[in-house]
Amino acid sequence: MDVFVNMFKCWDDISAYNCGFLFSVGDGIPRESSPFINNASMEGENIYEGKNMALFEEEMDSNPMVSSLLNKLANYTNVTQGVVEHEEDDDSKRKEIKAPRMGTFIGVYLPCLQNILGVILFLRLTWIVGTAGVLESFIIVFICCSGTMLTAISMSAIATNGVVPAGGSYYMISRSLGPEFGGAVGLCFYLGTTFAGAMYILGTIEILLKYIATNAAIFTGGEEATLNNMRVYGTCILALMAIVVFVGVKYVNKLALVFLACVILSIIAIYAGVIKTAFDPPDFRICLLGNRTLLSGDHICAKYVIENNVTETTLLWKKFCSDDPSLNATCDEYFRLNNVTEIQGIPGDGVAVGKLLEWNNLWSVYREKGVIIEKQDMPSVPVPSLEEVKEKSDAYVYTDIMTYFTMLVGIYFPSVTGIMAGSNRSGDLRDAQKSIPTGTILAISTTSFIYLSCIILFGACIEGVVLRDKFGEAVNGNLVIGTLAWPSPWVIVIGSFFSTCGAGLQSLTGAPRLLQAIARDGIVPFLHVFGHGKANGEPTWALLLTALICEIGILIASLDSVAPILSMFFLMCYLFVNLACAVQTLLRTPNWRPRFKYYHWTLSFLGMSLCLALMFICSWYYALVAMLIAGCIYKYIEYRGAEKEWGDGIRGLSLNAARYALLRVEHGPPHTKNWRPQVLVLLNLDSEQLVKHPRLLSFTSQLKAGKGLTIVGSVLPGIYLDKYTEAQTAEENIRSLMGVEKTKGFCQIVVSSSLRDGISHLIQSAGLGGMKHNTVLMAWPQSWKQTDNHFSWKNFVDTVRETTAAHQALLVAKNIDLFPMNQERFTEGNIDVWWIVHDGGMLMLLPFLLRQHKVWRKCKMRIFTVAQMDDNSIQMKKDLQMFLYHLRLNAEVEVVEMFENDISAFTYEKTLVMEQRSQMLKQMQLSKNEREREAQLIHDRNTASHSTGMVKSHTAITTPEKVQMTWTKEKLISEKHKNKETSMMNYKDIFNMKPNQSNVRRMHTAVKLNGVVLNKSQNAQLVLLNMPGPPKNRQGDENYMEFLEVLTEGLNRVLLVRGGGREVITIYS
């Protein structure tokens, strides 16, 4: 773990080294060095004095005019910156039949032994030894057994980490890996078990047709006829086995011990044969022509024989001499030059291991398909061409497939699978936590010893050409391993036949139940039908699907081709078992406390690496296909499957990875090249906690396209203890709407005593670490002029001020209900950008991001900027076009000229009306509650003149309750007349007032800019406009809202943009 921590620290150091931050003095906040924002060289310039830009004049020191920006383009520099468990549901449905009473030997050891020792041992191990040699075969077996032993250690850790569920291996794996990986691995395990059934059936047919009933073949001829025989007989036996499993599974379980006895007797017969060979080797003769192996038959192993002084040719002569028995016949060149010899297939003096080193069985003999099997140390006279030999192929023993090391690994690996047979019976064990580790590891140790000893004994006892003879064609069609057995080869033949039959039945029994368990978990919706079965719970539909998949393996018809397929699925299953243990340990998951004392995470990691290596060693293309299948299943479960929370290690891995990533991005803001809006969306909710403006989320998804951070926030006024239920409802509604609008992000609901404070809390604290928002998106308060509006103009203006103080960008969407939904498409139109002051380049970046979405993709981007009387508009347009070229943005450019002129009477009158309205609002601002409080104060003032003591007493008595006023009628009328006269005087002052000159100049800017924008962009699909900041004097906040209203009047869709005080776009690559 320390290695990973140091590695991440190193990456942090590297990233910090590569990021050259320039820190501002005092606040310690990293800022970019840029001529565009906060440039002191511009502070002294007074070119903005005038009426046209009065609305923005208070910000000109920090946000320069575009004309000034373009003049300084040549000097542009940018410093680089850097649960409810499934088992509980099943337990309530599962009927308890009897208490588990199986021990380690019967419950785990023997089932694992039966499943591990099987068809490959009897049919292919001798051929693997002959082809790969003793040394490489030893390596193959050792690697495969090591992989399963390491997996067994990991599985033992899982089994001893709490109570083992009754569902067997699938439940242990899925509850450790989670629903996505658990479902993918579970289905891989199921497919491996199903194809294992096909392999066992093919092995059964091979034993039947090759060694028991050789005349039972339906098709005769070459290789294709053999495959067709395998398909026909395999389909028939599969149907028979499926019927047996469907009718009576209990009989299959009862016969398991019989099949196991066959396996054990066969192995005992092999060891007994080895011992007997040392004293009395069996007589299995092999006929060789030169160094080439000849097919066994009725012929004498000689070219001719001499009987009664008469030389007579043999049947072998006729085979090589075109059926001409005469000694002068024209014969095959190789036959003519080489002698025929006869050797023993099992030499009696070869048992000693020391003798083995003198044999060629120690080394590999890999050959292409169709090559004659030759004895390595036998002298022979070669011929120039082998074409003539191939014409007489019925005389020699040929290789049936091309052989190489990795292929042999794929064929052998199924012989070490079956290590989970014991854990599959976890519900029947007396002490699963003790029995599963002990029994499984003991079984693997036993079988590994059997395999490794058999390799040495086969290499020491059997002649190399016999070992390479896969089907025993040189030894009268006998099973090669049977030639070594005692007392008879038939012991091995019959024993292997019944053991493969039993293994096939066990696979057809176990695979449907595994599929049924996955289906009942509900994580793969389309498998739901396979969770049902007969009244007694037998998985009928799962059995049918298993038989169909098994039939695919049988139609392949080659044991050597099916074996690598199931190797892939089992290896992937074992890989993820090791991965689960390693992840749990490395993450130090609190609940991961296995009792198995021999476990260490390095063993799991080694086992995982070994399984992955074996997958690609066996067959790289099969490995890729298996991973693709597992990946597709994973993604399907992720998007369509039922949500399950099993407390798995993968969730912990995700959290740990998120933690590391958050710690890495904590060190500073992103580089300008990587900057994108990380948006905090402020939503308004109605009385039913439903979103008022759902199109704000549509616009968010169009702007973000699933990239970056999105936080959707809302505020509920009140006390959290009282509003807890409403907050949950609001969050559910917002999440549901986010799913509909395909907005990927997080939801955050804040309950606060006031709406104003809640928004402030969201702006300050939303996000985590480096994943904090840098942009706030909100809707324009359409009803801001109404005094009873909850989101009043005062809250809006304060929000603008807070985003500015927090150095966050602000986007205000006006007329948000007119914005397009995600399903709409604009086939034409423009996105118009009115670039008045430069505040970081947000106005340039936003249209580019929007046009990535299919809603806005066909809209064109137009950029307008304003030139005043002193500006060269022609040069400004050229500079702007060059700037856009450097930014790699395609847009039309237009410079709009605004000349100095007198303030119109309309502007003067509009300003006057605005100020009068503002004063009237102040007079009428008292709500009903406030009027009651005012009446209370008047009452207190009147009663104060009577007696000080009386006031104290009255106050003490009436403080807890509302004051009951006891005015006389005359006093009430006089008080009303007094208030009325005061109000009339105030109203007279309002109508006699003159407008403030600063407000007139600002209104002039708003009116004139609005006229220009309307003239150019009235029909635009979207207008982006610089948003001026609120006045520094808070008394003019209501006038600020009026300025913005006038500025955007008459436009359909407007996005007011206010930068966050840093560059967000750069001309550099």
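From the backbone N, Cα and C atoms, a Cβ is placed for every residue, glycine too.
Copied over from TrEMBL:
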type: DOMAIN; residues: 108-277; note: domain 'Amino acid permease/ SLC12A'
type: DOMAIN; residues: 404-680; note: domain 'Amino acid permease/ SLC12A'
type: DOMAIN; residues: 812-1069; note: domain 'SLC12A transporter C-terminal'
type: TRANSMEM; residues: 102-125; note: transmembrane segment
type: TRANSMEM; residues: 137-160; note: transmembrane segment
type: TRANSMEM; residues: 181-202; note: transmembrane segment
type: TRANSMEM; residues: 232-249; note: transmembrane segment
type: TRANSMEM; residues: 256-275; note: transmembrane segment
type: TRANSMEM; residues: 401-421; note: transmembrane segment
type: TRANSMEM; residues: 441-467; note: transmembrane segment
type: TRANSMEM; residues: 487-505; note: transmembrane segment
type: TRANSMEM; residues: 541-559; note: transmembrane segment
type: TRANSMEM; residues: 565-587; note: transmembrane segment
type: TRANSMEM; residues: 599-623; note: transmembrane segment
Might you confirm whether the transmembrane segment (181-202) is in contact with the transmembrane segment (232-249), defined here as three or more C-beta pairs under 8 A between residues 6 or more apart in sequence?
yes
Per Cβ pairs under 8 Å, the stretch of 102-125, 401-421, 541-559, 565-587, 599-623 packing most closely against the transmembrane segment (256-275):
102-125
Do we see three or more Cβ pairs under 8 Å linking the transmembrane segment (441-467) and the transmembrane segment (541-559), pairs being at least 6 apart in sequence?
no
Could you please provide the mean pLDDT value for the domain 'Amino acid permease/ SLC12A' (108-277)?
87
Could you tell me whether the transmembrane segment (487-505) and the transmembrane segment (102-125) have 3+ CB pairs under 8 A, leaving out pairs under 6 positions apart?
yes
State, in range form, which of 181-202, 401-421, 565-587, 599-623 has the highest count of Cβ pairs under 8 Å to the transmembrane segment (137-160).
599-623
